[in-house]
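J.: Features from TrEMBL:
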type	residues	note
ACT_SITE	R223	active site
BINDING	Q40, H42, E67, H204	Zn(2+) binding site
DOMAIN	8-83	domain 'Phosphomannose isomerase type I catalytic'
DOMAIN	101-184	domain 'Phosphomannose isomerase type I helical insertion'
Amino acid sequence: MDEHVRQQPGRVLGDVFYPKFQTLPFLFKVLSINKSLSLQAHPDQVLAKQLHLSRPDLYKDPNHKPEIALAITPMQALCGFRPEQQIVYHLQTVPELKKVIGDNLVEKYISIVGSANSTPQQRKDALKYLFHGLMTSNTELLKSHLPSLLHRIQHKHPKTSFDEVVLRTAAEFPDDIGLLGMFLMNLVELSPGEAIFLAPNEPHAYLRGDCVELMATSDNVVRAGLTPKYKDVDTLVSMLTYQTGPPQLYLGSPTLTPQGVTIREYSPPVIEFKVLVYEVPAKVVFRCEGSMGPSIWLVMEGEGSISTGGTSIGLSQGAILFTYARTEVTIKAETPLKVYQATTNGKS
């Protein structure tokens, strides 16, 4: 693909995006997750350049990596830090968490977030120190306290979704500090058609489910837990924003066309990408205007055809197509058709 873009960049990327990017500005994936993925974050543009210069063996490009995950099936993920009072609740009710982090850091955090006089920055700093204390804690200390926590959860009735996630993840990654990190993070449960946007410098981990994932073109991942891969804990702790609260869900508010086609657009606050989902009823013909940048099309359900410039290609489940910038296409559905379009998010 890179070679193809290099041969005719203006035609492929379009006049709006070719001056900004010299390659396809996004990556489009389908993930089927049956084992928790690593507790991680992606660097912003400034940090990505610094990491690439200092450790090109680990961080192989100088680009940031914001991403959006759109659930195909019910999906679970960790995303960002919990609201402060939920963090305090876990610090007060999960004795193993307090013991591993240390009494001083825990009490200092509870005191700062409980004070009406503390500033937003003081609260963020307190969470940073708390998280650093957890993620750099002694491994033997973790191993000595984790069994009692897991035993208590195993014998809890009824169990919450979070309880089940902790037990399942503990079976996947025994004695991993990320297990306690989960108590500080939001557990997000997405229904099909719901999405979360993961900005740079925000901690997250995908746990279960199928989704389409769309991201800026980068491989930069800073890991700290739930993985056998290299963990760069110091970098992750230093880079996070320490924003607290539930993440924003993208629901893709539907638009209904006169032909009866439902269009859902998921447009995050980045120029590199957005995703549109088209649900086309059987026997309907629908014309899609050309995007400012290139597009990747994925057929999720149904059969039909797509045509442009006199060329028609048959569509069936799993079909993938690529179109250049400003390419208009006509979709014809033989059966009810569901098509995902990944494309750029800039305006002309």
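Quick reminder: no glycine exception, Cβ is built from N, Cα and C everywhere.
Predicted automatically and left uncurated, TrEMBL annotations should be read as such.
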J.: In whole Å, how far does the CA atom of E67 (Zn(2+) binding site) lie from that of the residue listed as 'active site'?
T.: 16
J.: Roughly how many angstrom lie between the C-alpha atoms of H204 (Zn(2+) binding site) and R223 (active site)?
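T.: Cα-Cα, rounded: 10 Å.
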J.: Compute the centroid of the Cβ atoms of Q40, H42, E67, H204, then list the same-chain residues not in that set whose Cβ lies within 8 Å of it, in sequence order, for the Zn(2+) site.
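T.: Surrounding the site, in chain order, are A41, K65, L198, E202, P203, V221.
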J.: Which three-state DSSP class does H42 (Zn(2+) binding site) fall into?
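T.: Its secondary structure by DSSP: coil.
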J.: For the domain 'Phosphomannose isomerase type I catalytic' (8-83), would you mind checking the mean pLDDT of the predicted model?
T.: 93
J.: Might you list, by sequence position, any residue in that chain lying six or more from H42 (Zn(2+) binding site) with a Cβ less than 8 Å away from its Cβ?
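T.: Listed in sequence order, they are H64, K65, P66, E67, L198, P200, N201, S218, N220, V221, V222.
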J.: Tell me which residues of the chain lie with their Cβ under 8 angstroms from that of Q40 (Zn(2+) binding site), as long as they are six or more apart in sequence?
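T.: Result: P203, H204, A205, V221, V222, R223, A224, T227, L236.
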J.: Kindly report the helix/strand/coil residue split of the domain 'Phosphomannose isomerase type I helical insertion' (101-184) according to DSSP, in that order.
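T.: Going by DSSP assignments, the domain 'Phosphomannose isomerase type I helical insertion' (101-184) contains 63 helix, 0 strand, 21 coil.
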